[in-house]
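Peer 1: Sharing the record's features from TrEMBL:
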- 44-108: region 'Disordered' (REGION)
- 96-105: compositional bias 'Low complexity' (COMPBIAS)
- 158-211: domain 'Amino acid permease N-terminal' (DOMAIN)
- 243-262: transmembrane segment (TRANSMEM)
- 246-754: domain 'Amino acid permease/ SLC12A' (DOMAIN)
- 274-303: transmembrane segment (TRANSMEM)
- 323-344: transmembrane segment (TRANSMEM)
- 365-385: transmembrane segment (TRANSMEM)
- 391-412: transmembrane segment (TRANSMEM)
- 444-462: transmembrane segment (TRANSMEM)
- 474-493: transmembrane segment (TRANSMEM)
- 614-633: transmembrane segment (TRANSMEM)
- 639-660: transmembrane segment (TRANSMEM)
- 672-696: transmembrane segment (TRANSMEM)
- 763-1157: domain 'SLC12A transporter C-terminal' (DOMAIN)
Amino acid sequence: QSVSECLTAVCIVARMQWESRWSCTKVNAASTLKHYTEEKQAPEIEGLTVDTGLEPAGPTSSSSRFQVDLVAEAASAADKTPSTDSTLASGDKATPEGPEPAAGGEAKGRFRVVNFMDPSGASPPEVVPAEGFQNGDTVMSEGSLHSSTGGQHHYHYDTHTNTYYLRTFGHNTIDAVPNIDFYRQSAAPLGDKLIRPTLSELHDELDKEPFEDGFANGDELSPAEEAAAKEAAEPKGAVKFGWIKGVLVRCMLNIWGVMLFIRMSWIVGQAGIVLSCVIVLMATVVTTITGLSTSAIATNGFVRGGGAYYLISRSLGPEFGGSIGLIFAFANAVAVAMYVVGFAETVVELLGVSHPILPHDEINDIRIIGTITIILLLGISMAGMEWEAKAQIFLLVVLITAIFNYFIGSFIPLKSKESQGFFGYDSAIMMENMGPDFRGTESFFSVFAIFFPAATGILAGANISGDLSDPQLAIPRGTLLAILITGIVYLGVAISTGSCIVRDATGNGNDTLSAQFMANCTDAACKFGYDFSYCKGDDGQYNCRYGLQNDFQVMSIVSGFSPIITAGIFSATLSSALASLVSAPKVFQALCKDNIYPGLEMFAKGYGKNNEPLRGYILTFCIALAFILIAQLNVIAPIISNFFLASYALINFSVFHASLANSPGWRPSFKFYNMWVSLAGAVLCCVVMFVINWWAALMTNVIVMGLYIYVSYKKPDVNWGSSTQALTYHQALTHSLHLSSVEDHIKNFRPQCLVMTGYPNSRPALLHLVHAFTKNVGLMICGHVRTGSRRPNFKDLSNDQTRYQRWLLKNETKAFYTPVFADDMRQGTQYLLQAAGLGRLRPNTLVIGYKSDWRDGDMMNVETYIHMIHDAFDFQYGSVVFRLKEGLDVSHISEQDDLLSSQEKTSGMKDVVVSIDMKDSDGDSSKPLSKATTLFCHTDKSPQRLNVADQRLLDASQLFKRKQGKGTVDVWWLFDDGGLTLLIPYLLTNKKKWKDCKIRVFIGGKINRIDHDRRAMATLLSKFRIDFSDINVLGDINTKPKKENVTAFEEMIEPYRLKEDDMEQDTAEAQKASEPWRITDNELELYRAKTNRQIRLNELLKEHSSTANLIVMSMPLARKGAVSSALYMSWLETLSKDLPPLLLVRGNHQSVLTFYS
């Protein structure tokens, strides 16, 4: 049996070698049997023990990525005290200090990956705590165990240094089963992020290093993600609240604020019972829809601190989030003032009743009491969330007691209270108070504006989302239940007060009716023998102190024990003020942490175990104190209504927007929402804003839009996966598909260029020139063909694509970077010509730089270069060749671009695209660079002095980035290619940088028809609606060129001639086959006239266009298979040498211009 078990262990070793990337490990069967038998017989060793029969095979780090040890497991799975296993470098058996529990009831002799072999030679971690086992799949490192218990430190799980994998489905493989820790962000309050095995680890060949750079799976953190990681790492001892204490209590206290006891009765007096209920229901509808939307957003992923700001910014993006977050924090700060003023009003009124002889000024008294109150509240807030939460619970108990006290008192009418307007429930009073009685400047909407801030407490729980233990559960449950309970109470108070209290009362018990006046009295009070008719004076003003309209403290009169109502008022106002005083700094802190507004970082700092924003508390205190000095509740309340409504509108719009975008990431677990209801809620909030106060609504919208524009302009470096991104993608996809269903039309033609730039910053002049006429007009794709002798590293290719796309965006270049791997330059260009683009957004013009070093290198590169042009025509592309006499490629110049600072090109890589645009003086960057070679060196020292050629090259590379002065763009439209030669300069001169340049047109013609040809061209250009400054007809194109220029051409082509007349026919054919670029005598004679034309054109160009800012010229064509590459290249060289910047253009001979409407 022991032998069979040993052989089973050996088989497992073989299986492991086949299944994973672990290197072969030689196992001695006899040694394994001996050690295994000793372990079986040793009674003191139980649990997991390390077999020393295995030794890591292979001398190099690359040959063995993992250290594999054979593990024997005890049959029993009884709970034992965990012990530590030590893996010794010498291979000696490690003696456990104590027993270990078996990891399940699996068979003995399994394998476990103890540690990845560290290529640096660092010793592996020696302790693997048993507590780290997670479902038998993944063992967390020591760092994760500490961090997951709330430690302050964050440990990144780098798979090649400190990650352990156990069995998957009982088999020894590093492939991991689904685990929540793989899907976390870099750090989270609920646990640590683990990194799953990378695709390279599971898929690459054994001799390939999977960890050549960066993070596994490309999980490199952006600055914003690092900030979020720091925010998420919760310190030990942080106080967390459940849904009742954290959300329900806070929302109820905030909603039952100052309005419940000292304004609700006044609202009923003004609006009547019916309209008061309408006001409450309108506010409840708005808050309920917003509550549903808040619940949907809050359950669509983990919610951190920041409340409304966090919800909106993560849904709609930083632009909306940053703008609304600032005004929402400000609104909460002003709300503190509103609640404190309400509290101070009550205190002043009580002082006036109890000490009527004391001299006092009501406004100044409110200011003094309010200032003292907010100082005390500030002290409670800065003491910490735990103290604040305890205070909230106490205040809620007092508040609920006061509410019950009122309702109980409303059923106990007393004779002593009748003179103050309280007669108990009566139908006559109810009917009298049923309708509205607006007095002064009040109206339905002004009364609604005063009441609505009472409904703004629904986000009190969400605002401290970072302090909730489970925001996804707490926010929906607590918020919606609070809206329901408080709505019912508000309706009950409205109906109750309107049914038992009259609008006006004198408070004088002697104001009774005699029998003779009883018949003429129609007021409800007359039924009870009171005459309050003289409350209304002859001037129409009311001068009584009691009743719904006049006494803000009327609920104290109705209550069973009035001091409890006073305590309730204190509780309601102070609790709401306290909640807002906590909410505003928390929201503002979250805003500052995201660094949306530079300069506010100082308020992001938190203190203590709960990361309290003490600086934010001070700022909120100052804002609230400023508004407390207004000392008028009815003035302060409408100010914040619009700010809160703007926040609610955006929360509702967020849900609609996310649903409309139909992003797969929009999966809220709260299902009771509807996108159209949310949209209706957003519209309703906007309508209510203008109804309450139209100028305040306009001001709010202007502020929001101003902040939105500012944040959009600053472009913060954040990516939160907002619905704006999702909708943009959705619209782009929809429009692309719709565009593909429509045939192209000449009027809509635009040059869509595939520009062979290599790395985008390698050829700035080429990039800037093409971008000048494609920006906001057509598509621009920066193509890059990468070739090399080694196997392609597609991960590097993907990283480069991301890196250089960011570079293009950073430099405000509207283009796409598309690199490909290919065997050679031509093949890669063919890939791009066929596959670049999407639908109608595909290139139609190939743009390449002129190969200025063509005579220095291998002529097969010239063959490849010329065939790229032929391939473009075969694919029905237009072709453009750009020549700058200084050259194009600046990649060899050190420190020319910070992006490539300290970046290396790997061994064996060859950037063939670079070789296109090199001059003789340029370094050949197409040659392989060693791994130690740094392409660009970035040091703190001043840049080294460049030679003259490089300095000129660097200056010329920026030629088209700056504004062009007054000059000309000379268009040599010699052959009709469909109009592309004319369209490009027209688009160019329409741009701001080129608007001072005039178009001059040069055409070929006959000496005796110059005027006719000029008029014909002028007519054509006017029909095309293209402005021009001059038309020149060249009648001497076919004149013989100068003899010295012909001689220079012949000397240039001499090394590339085949000279077949001087050799045997077979030898000539063989040489032509091996060197297809050679020029035959027959070919040279056949195209003698065309050769002379190119030489003559160069002479004319120097004569007429030597001072032009840019020359755009028809590119000569060479018949494929008939003209050799060397001859065609010689034509291009002769035509374009010693000239200003030159574009050789040849369209695909399909019309791109039309004069029809």
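Glycine too: its Cβ is placed from the backbone N, Cα and C atoms.
Keep in mind that TrEMBL annotations are predicted by a computer and have not been checked by a curator.
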Peer 1: Spell out yes or no: are there three or more C-beta pairs under 8 angstroms between the transmembrane segment (323-344) and the transmembrane segment (391-412), with each pair 6 or more apart in sequence?
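Peer 2: Per Cβ check, the transmembrane segment (323-344) does not touch the transmembrane segment (391-412).
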Peer 1: Is the number of Cβ-Cβ pairs under 8 Å between the transmembrane segment (391-412) and the transmembrane segment (243-262) three or more, considering only pairs separated by 6 or more positions?
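Peer 2: With 3 or more qualifying Cβ pairs, these stretches touch.
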Peer 1: For the transmembrane segment (274-303), which partner among 474-493, 614-633, 639-660 gives the most CB pairs under 8 Å?
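Peer 2: Per the Cβ count, the answer is 474-493.
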Peer 1: Out of 243-262, 365-385, 444-462, 474-493, 614-633, what stretch is closest in contact terms to the transmembrane segment (639-660), meaning most Cβ pairs under 8 angstroms?
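Peer 2: Top-ranked stretch among 243-262, 365-385, 444-462, 474-493, 614-633: 444-462.
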Peer 1: For the transmembrane segment (365-385) and the transmembrane segment (672-696), check the count of CB pairs under 8 Å (sequence separation 6 or more) and say whether it reaches 3 or more.
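Peer 2: Output no: the transmembrane segment (365-385) is apart from the transmembrane segment (672-696).
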Peer 1: Grab the same-chain neighbours of the transmembrane segment (672-696) for me: Cβ-Cβ under 8 Å, and only residues 6 or more beyond its ends, written as numbers and ranges.
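Peer 2: Residues 282, 285-286, 289-290, 292-293, 295-296, 445-446, 448-449, 452, 638-639, 641-642, 645-646, 648-650, 652-653, 655-656, 659-660 contact the transmembrane segment (672-696) from elsewhere in the chain.
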Peer 1: Please identify the stretch among 243-262, 444-462, 614-633 with the greatest number of Cβ pairs below 8 Å relative to the transmembrane segment (474-493).
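Peer 2: It is 243-262, which has the most Cβ pairs under 8 Å.
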